[in-house]
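What TrEMBL lists as signal peptide is 1-24. Residues annotated as transmembrane segment in TrEMBL: 582-607, 619-640, 652-676, 696-714, 746-764, 776-796, 802-824. The domain 'G-protein coupled receptors family 3 profile' annotation in TrEMBL covers 582-841.
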Amino acid sequence: MKKLCAFTIAFFPLKFCLILCSLTEPNCFWRIKKIEVYDGDLQNDCGFVLFTLESPIEENFYNHIINFRIPARKYEFFLVMFFATDEINKNPYLLSNMSLIFSFIFGMCEDTMGVLDKAYLHQNNYFDLLNYNCGRKKRCDVKLTGPSWKTSLKLSVNSRAPKIFFGPFNPNLSDHDQFPYIYQIATKDTYLLHGMVSLMFHFEWTWIGLVITDDDQGIQFHSDLREEMQRHAICLAFVIMIPESIKLYNTKFKIYDQQLMTSSAKVTIIYGKMISTLGLSFRRWAYLVARRIWITTSKLDVITYDKDFSLDFFHGTVIFVHHHNDIATFRNFMQTINTSKYPVDISQSMGQWNHFNCSISKNKKKMDFFMLKNPLEWLTQHTFDMVLSEEGYNLYNAVYAVAHTYHELIFQQVESQEMAKPKGLFTDCQKVASLLKTRVFTNPVGELVNMNHKENQCAKYDIFIIWNFPKGLGLKVKIGSYFPCLQQSQHLHISEDWEWVTGETLVPSSVCSETCTAGFRKSHQKQTADCCFDCVQCQENEIANDTDMEQCVRCPDDSYANLEQTECLQRVVTFLAYEDPLGMALGCMALSFSAITILVLVTFVKYRDTPIVKANNRILSYILLISLVFCFLCSLLFIGHPNQATCILQQATFAIFFTVAISTVLAKTITVVTAFKLTTPGRRIRKMMIKGATNLLIPICTLIQLVLCAIWLVTSPPFIDRDIQSEHGKVIIICNKGSVTAFHFVLGYLSSLALGSFTVAFLARNLPDRFNEAKFLTFSMLVFYSVWITFLPVYHSTRGKVMVIVEVFSILASSAGLLGCIFFQKCYVLLVRPDLNVLQK
């Protein structure tokens, strides 16, 4: 429906109970309901007795009804009885040659007895038409009672006559052991709460209030509803149990008001009888302007008091009504009703309960307003369709159930030739009851009615929403249906083309906590319902790609969370490549230093016979320079895409070549010390000591390092690793050292060699000789220590490419320190000051 019809109505106090305004899409109606206060069950209910006559109904048979004051609420039931019996009496295939008539229970035995005695006076004088102890012979005519179940209980005392209850299904009457002669025509609301929960789930209402009567039905409904709501993650904000005792209610109603008015729940379910303290609470909350969406059944299809209030007083009342087909012939019956035959004041009933067409064209925004100055005159100018209430439709089916039962009983009478008693007189209550409870038939509108196993039938519900307006005016719109017999996905159907009364398509929300958006997860509060929670942002590299997620999902290692943490993005694979500025710079430095070292080696080979080269053990100088070349070159293994081979070679070559270099420096320092501390020059023992140091020290030190590296590579070798923490959105390919302990053992061994070299060189720093290199060896070890002591904390505080860069820089810096401190002065003498490279100096 594009727009709801808008009426401007001015009227006198009307006795309209219901006015329906039919729109093409969807079906809706306006209605006006007068407020009445009912006290006591019998004043609210109707009771009818159905029996048969062999003669046609006289024209004035029902004239006695005009002598009684019929409450307005009961007009519908009388109209249904008139229509149903008239329809049956015109049906040649049902109770042929018989007339089905009824009387109503009013004032119990006396009034009804007077009516029925008058009807049967010319036929017999010996039987009692009602089953009360009034001094006459009993008969078993079926009674129809409702809509209050308590009335049926009262009428069942000391009575074996079958009774059909046409009110809403009540579990109290379903115990056939306790009440064997009471049958219910209504369908059990087995799936009612399923439909309500499905509606809440559809509109995403998760924070619901519940108001019930404090009786067995209310408690059972609460228990079943809570269980069904838990399956759909819907929570109860509060539960108000209204006591039936008005005295007890008067002591607690302020507590109930506070519970409802202070709750954040905007949707409230009401279940129970409206003609009770529950109805009183509902009207009280109307005065308190409780803005809620009310979900209930047709039993609580009510209008508030005749009082001006805001249009936004209610968001709306959603009611679940048992689906039934419209009775098309009812309209014709009401239009052509014989008022002499049915003396009820039909004009009053029309005013209380009628339907008229007011279809609106699609190109109009609203309907033209009209004035109701003379309601009855206005009604006569409009065609109308009667819309039965649920109890009225149940009563209609109950009359047909009795008619089919009487039809079968009369057929059996004829077959068994029981002519001793009048035709249509039934005295065997057990037989009447057994036939009644097994009746299965199709009513005139095509719906199957089964008097047996009513609890197992799959009931279909129509869902209406009612908006209340000033002066008791209400708008009722069908918004969907619920049919549990269909597939799970098709149970609930909600129309998409309707709007709220304010003209907005946005459905009001009812939640304890606002929805957690994508990127956040729910964090449940302690000692609160599951629907109450805080929204917490997902942790690093975790996402929540939907709303109200319980847990965040961690992205795979090759992916990362975007800034909103709503999706995982593919990481960019990176490493210290030669194309990177730092990689290129470090590679160029390594090659440059290697080239410089080779030039120094060439220089030393060229000037190998000069005093300065010979004085510092040229063989050790050659070994040191060659090892330094490889130290510079091994840093290139850290640059480029890592693989298993390069990861192993990185640490092994670094450890071995640096061990050779440091052990060579140690050999040099020992050579210097032994050259000056032993006996006079030229002795044989000095030469042997020097030669032994150079021949044994380097291989032994290198062999120890080789053993350490072998143990490392066997137990926990380095491997290719992926670092996803260092740089956002990138996965860095690096070499993991495998065993950090082994790596530190290797560094520790190098440090011990360097410490030995530093100690020996420091002791020999002041020995005489112009060519004494002890001071330069001391400085070289000092530089080496400074580099690697600085390396350790920096290395362990960095990740990814920075960690690799730090290690490469440390290798280059320490190697360059050894090269510069030991060989710079010698190259200066060889190339710039050859005059100093003489034996005398």
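Even glycines carry a Cβ here, placed using N, Cα and C.
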Between the stretches 582-607, 696-714, 746-764, 776-796, 802-824, which wins on the count of C-beta pairs under 8 angstroms to the transmembrane segment (619-640)?
582-607
Can you give the mean pLDDT for the domain 'G-protein coupled receptors family 3 profile' (582-841), rounded to a whole number?
82
How about the transmembrane segment (652-676) and the transmembrane segment (746-764): at least 3 CB pairs under 8 Å, pairs 6 or more apart in sequence, or not?
yes
For the transmembrane segment (582-607), distant same-chain residues with Cβ under 8 A (at least six beyond the ends):
576, 613, 618, 621-622, 625-626, 628-629, 632-633, 635-636, 639-640, 801, 805, 808-809, 812, 815-816, 819, 823, 826-827, 830-831, 837
